[in-house]
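A.B. asks: One structure, as C-alpha cells, below. Some questions next.
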Amino acid sequence: MRKDERERDAPAMRSPPPPPASAASPPESLRNGYVKSCVSPLRQDPPRSFFFHLCRFCNVEPPAASLRAGARLSLGVLAAFVLAALLGARPERWAAAAAGLRTLLSACSLSLSPLFSIACAFFFLTCFLTRAQRGPGRGAGSWWLLALPACCYLGDFAAWQWWSWLRGEPAAAGRLCLVLSCVGLLTLAPRVRLRHGVLVLLFAGLVWWVSFSGLGALPPALRPLLSCLVGGAGCLLALGLDHFFHVRGASPPPRSASTAEEKVPVIRPRRRSSCVSLGESAAGYYGSGKMFRRPSLPCISREQMILWDWDLKQWCKPHYQNSGGGNGVDLSVLNEARNMVSDLLIDPSLPPQVISSLRSISSLMGAFSGSCRPKINSFTPFPGFYPCSEVEDPVEKGDRKLHKGLSGRTSFPTPQLRRSSGASSLLTNEHCSRWDRSSGKRSYQELSVSSHGCHLNGPFSSNLFTIPKQRSSSVSLTHHAGLRRAGALPSHSLLNSSSHVPVSAGSLTNRSPIGFPDTTDFLTKPNIILHRSLGSVSSAADFHQYLRNSDSNLCSSCGHQILKYVSTCEPDGTDHPSEKSGEEDSSVFSKEPLNIVETQEEETMKKACRELFLEGDSHLMEEAQQPNIDQEVSLDPMLVEDYDSLIEKMNNWNFQIFELVEKMGEKSGRILSQVMYTLFQDTGLLETFKIPTQEFMNYFRALENGYRDIPYHNRVHATDVLHAVWYLTTRPIPGLPQIHNNHETETKADSDGRLGSGQIAYISSKSCCIPDMSYGCLSSNIPALELMALYVAAAMHDYDHPGRTNAFLVATNAPQAVLYNDRSVLENHHAASAWNLYLSRPEYNFLLNLDHMEFKRFRFLVIEAILATDLKKHFDFLAEFNAKANDVNSNGIEWSSENDRLLVCQVCIKLADINGPAKDRDLHLRWTEGIVNEFYEQGDEEAALGLPISPFMDRSSPQLAKLQESFITHIVGPLCNSYDAAGLLPGQWIETEEGDDTESDDDDDDDDGDGGEELDSDDEETEDNLNPKPQRRKGRRRIFCQLMHHLTENHKIWKEIIEEEEEKCKAEGNKLQVDNASLPQADEIQVIEEADEEEEQMFE
C-alpha cells in the first residue's frame, strides 16, 4: 500500500502544480532559496549526414530540407539519363567511345592538376570579392565575375584562331597584354575598388600563365576552352554557395518562440541578487514576471546585507558582545538609551514622578545589560592604520567623534558613533577600536586593578590612564594559536617577554622587541594595538617610576614610548557593577540611581584627577627634552675629543679614509658609527629630530658589525659613500639657486621640542658656510628628513654584502635570489636586513621622536635610495634624470616636488657609490685594488663551481686598465656629466683673464687634437664628454670642480696604460711573427719526437 502511495505521489513531487493567480506571496517557510519556474526542454538534435559535416567544414550553414530534397531529385534524374543512354547504344559504339575516352583520359591526366588549380583559384577569388564587396548574405552584385574566365581565355582563343602572327612562342607577351586589357575593361564596369582591380589583373595574368605553360599535352585550340570552362565552374560554384547558403558568421534566421505548452515546470535555486527579498511578490517567485538584474551588482540579497551590517557593527567594537539568550539586541543602542536617561536624571527641574520613572527604566536596562556576556570575536576586521596621536585633554575628547573603523573607499558600513544629549557636563571619553599586540581584545575584568576595591565603569568613573596588567603567556598562546600568521617572526609577539606576572598600577611591564607592522598585520595579527604616545600618567610619582624603569613600551611603527590605558579606582562607599558592556565609550552608567550631590562630587573628583594628569604630562615632556648625561658619558671618548680634527679631515673631497683606518688601529671597526655621529653633529640632525645618542650609537655599531671583512664592500666603503653624500649635499655649489637661506633653515620648535604643524626643517653644515649669493647648497633645498634618510641609506646600502654580484647569486640560485625573484637581489637584501636589525631590539630605536607619518616617509626614502644603487637600473635613472634636469623642453628640477627631490637624492647616492674614479690617484688605486681582489675571489669560486668566469674576474688574465677605462667611459663618466650639467656638483668660481681663458681653450683643443690622431672616433667622443670646456659665467668666470678634474685625469691615465699595453702586444706580435719563420721545422721535429715517445710507451 505504501509503495502505491509513493508511486502516486511521485508525479506530484516532480512537477508540483502552479499556485493560483490570486495567491499572495508564499509563506516564509517556503522561501528557502528555491523557486518554482518553467523551462523549455532540451530538443534532440536531428541525425547528421555527410553533407552536413561537409558544409560545416566549408564554414557555411547547411541548406534547408527543401533544398536538399531538390538537389537529390536532380542528381537522380541525371543518373537515370546517363544509364538510359548507355543501354540504348550499340556495342560497336561502345568500343569507339571507349577508345576515344582512353585518349581523352591520357591527355587529361597530364592536364588535370593545372585545370583543378585554375578552378580552385577562380572559386576562392570569387568568394573573396563577393564577400569583400557586399559582406556575407544574399545579393546580386557579383555576377559579373562569371565573365572573368571568358575575358581571360576566350580573347586568347580568338586571337589564336584569327591572328596567325600570335601563334608563335615569342608572341606570348602580346597575348598576355590582350588578356590583361580585356580583364581591365571588365573591372571598370562594376566600379570595383582600386586594390581589388589590381588584384584581379594580377590574378588574370597568373592563371593565364598556368594555362599557357601547364596544358601543353592538350591541343592549342582546346587549352583556352577547357581553362575557361573550369574557371567558369569555379566562379559559378562560389556564387551558388554565396547565394543559397549562409555564412556561419552571420546571424541565423529567427526561430519561432517556444509556446507555453512546451515548457516544463521545475524547482530551481533562486538567484539571490535578482529578487527583492523583503517585498517580492508571487509573480516573482513563479517566473510570470521578469525582474531584470544589473550584471555589475554583487550576488548578495538584502537579508544578507542587513545581517552583514549588524555583524560588522559588532566586529568594529572594542569588545565584541552579544546577549547570551540569542535575542539579537544591539547593546550599543541599549547603552545609548541608558546614557540619555541618565542625562535626563541630572535635570533638577523634572517632577518627582518623572524622575522615579526614569530611574526604573535605567535600572531595567542596566539589569538587561548586566545579563549579557562577551563573545570571542573569531573574525579580524581591518580597522585602518591610524597615526600615533599625541597627548590629549580628556575634556576635549568628550565632544570628538570616533575614527571610522573602516576606510572610506570600501562599501562596508561604519560602526555606530557615540551620541550625547548634551544635558550634562560629565566626561564622555570615547575610546577608538584599538589592537593590542600582546593580548588581543581584553575584557574589562582583566584590565581593571584588583587592589583597593576598584570597580569598572561606574557612574563616577574617572577614566584615567594607568598601567594594565600583563596577561600570561599561556593565555595569549591559547587564545591566538589559530590566529597567528604562518611564518611570522617570533619577535612580533609578546610570548617572548620575560615578565608574565601581574604588576600593580603605575608600573610597566617588559615589552618584546618592536616590529614594523604592515597592512597584512591587521588581517593576521589581532593583537596589534594602535596606541597613544607616552604622556598620560596618573601622578608624578608614577611618571618618575616609569623613567627609572628601562623596560618601556615602544610603538611598533614609530618608536614612541607609550602607556596603555585602563580605568582606575573609584571613590569608596559607592557600589558599581562588575559586569562588562558592549558600549564603545568607557563611561557606562550603573544600575544604581544617581542624584545631584553625587554628580557634583564626581565633577570635583574629575577636576582634581585631570590636574594631576596634566602635571604628570608636563613632567614627562620636560624630562624628554633634557639630554641624558649618563648616556653621553658612556660613549667612546674619541667621538668628543677628535671631533674637530675628524671634521677637518672630512671637509675635503679626497677624504683620506685609509689613513684614518690605520690611525684608529684596533678601533677601526667603529669607523662607520663614528663618522655617522660626527656628520649628524655637524648637520644638527641630532638636535633637529631629538635623536637619543645612546640608541643612535647602539644601532650604527651593530650595523657596522654586520659588514663582512671582504676586500671592497665593507664598512670602509660604506663610510666613504656616507662621506660622499654628505659632501655633495653640504658643500657650496656655484650657481645653484638657494630656495631657503641659512637663517630660514633654523626652524623653531614648540614647547615639547617638536616641530610645529606644517613646518619643514632644513639643515646646514657647521663646518662650511656659503661664501656669497652666487653659491647654493643642496641642504638648503632638500628638507632635513630627506637628507637624514639619504645619510642613513648610505650607511645601510651594502649591509651584509657577500662579496658577489647579483648575476652570481642568480646563476647559483642563492636563497636571496630566490627570495627576491632575481630582481635587485643584493639591494633588497641590504635594505631588508638593515631594517630587520633596526626593528630587532628596542635599544636600536633612535627614531622614537619621529611621528608616525615622518617615520613612514623616512623608511620609504631609505629603501628607495638603497634600491637605486643597483647598477642594472643605472641607465634608467640616468635617462630619467637627464629628461628632468638637462632636457631643453623640461622646466628643470622643481625643488617643491617630492618626486624631483627623491630623484636627485637617488642620483646623488648612485654617484657616491661609484665615486672611486673621481678621487685622486692614490685613493682611486686603493679602491681599484679592493674591487679587483673581490672580483678575483668571485672568479675563483665560479671556476670551482664549473661556471663560466665573468668578464674581468679571471685572475689568470688580468685586465685592470680595460676594466677601469670601460667603467669610467660607460658608467661613471655619463653620470658625472649629467650631474654636473644639472649644476649640482660642488665647486668654486675661478676668476680668469680673457687671454688666459683663450689660451686654456687652445691648449684643450691641441690636447684633443693630439689624442685624436692616435685614437678612434669613439674614444675622441668619450674624451670630449669627459673633458667639458670650462663654463664661463659673467664673461671671465668659470667653474672648477675637483671631482670632474680627478675623473678626467684618471681616465687619461688608464687610456695611456691601455695604449702602452697595446703597443707592447704589437711589438711582441711582430717578434713572434719573425720567430715563427723557423718554427715549422721545429714543430715537425717536436711532433715526431712526441710520436716516438708514445710508441715507446705503448711497447713498454
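Residue numbering: from 1, along the chain as shown.
Heads up, the Cβ atoms here are built off N, Cα and C, so glycines get one too.
The phosphoserine feature in Swiss-Prot is assigned to Ser15, Ser273, Ser274, Ser421. Look at Swiss-Prot and you will find 415-439 tagged as region 'Interaction with PIK3R6', backed by similarity to another entry. Marked as AMP binding site by Swiss-Prot: His713, Asp798, Asp913, Gln964. Among the features that Swiss-Prot reports, active site, proton donor is placed at His713. Under the heading Mg(2+) 1 binding site, Swiss-Prot lists His717, His797, Asp798, Asp913. Summarising the annotation, Swiss-Prot assigns Mg(2+) 2 binding site to Asp798.
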A.B. asks: Within 10 Å of its Cβ, which one of these binding-site residues (His713, His797) has the largest number of other Cβ atoms?
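C.D. replies: Top count of Cβ atoms within 10 Å goes to His797.
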A.B. asks: How big is the Cα-to-Cα gap, in Å, between Gln964 (AMP binding site) and His717 (Mg(2+) 1 binding site)?
C.D. replies: 18
A.B. asks: Same chain, not part of His717, His797, Asp798, Asp913: whose C-beta falls within 8 angstroms of the C-beta centre of the Mg(2+) 1 site? Give them in sequence order.
C.D. replies: His713, Ala718, Val721, Ala794, His801, Thr869
A.B. asks: Counting every protein chain present, what is the number of Cβ atoms, excluding its own, within 10 Å of the Cβ of His717 (Mg(2+) 1 binding site)?
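C.D. replies: So the number of other Cβ atoms within 10 Å of His717 (Mg(2+) 1 binding site) is 23.
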A.B. asks: Which one of these binding-site residues has the most other Cβ atoms within 10 Å of its own Cβ: Asp798, Asp913?
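C.D. replies: The residue with the most neighbouring Cβ atoms within 10 Å is Asp798.
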A.B. asks: Other than its own, how many Cβ atoms are within 10 Å of the Cβ belonging to Gln964 (AMP binding site)?
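C.D. replies: Other Cβ atoms found within 10 Å: 26.
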A.B. asks: Rounded to the nearest angstrom, how far is the Cα of His717 (Mg(2+) 1 binding site) from the Cα of Asp798 (AMP binding site)?
C.D. replies: 9
A.B. asks: What does DSSP call His797 (Mg(2+) 1 binding site) in the simple three-state scheme?
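C.D. replies: Reduced to three states, the DSSP call for His797 (Mg(2+) 1 binding site) is coil.
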A.B. asks: Round to a whole number and give the Cα-to-Cα distance in Å for the pair Asp913 (AMP binding site) and His717 (Mg(2+) 1 binding site).
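C.D. replies: Per the Cα atoms, Asp913 (AMP binding site) and His717 (Mg(2+) 1 binding site) stand 8 Å apart.
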A.B. asks: Measuring Cα to Cα, tell me the gap between His713 (AMP binding site) and His797 (Mg(2+) 1 binding site) in whole angstrom.
C.D. replies: 10
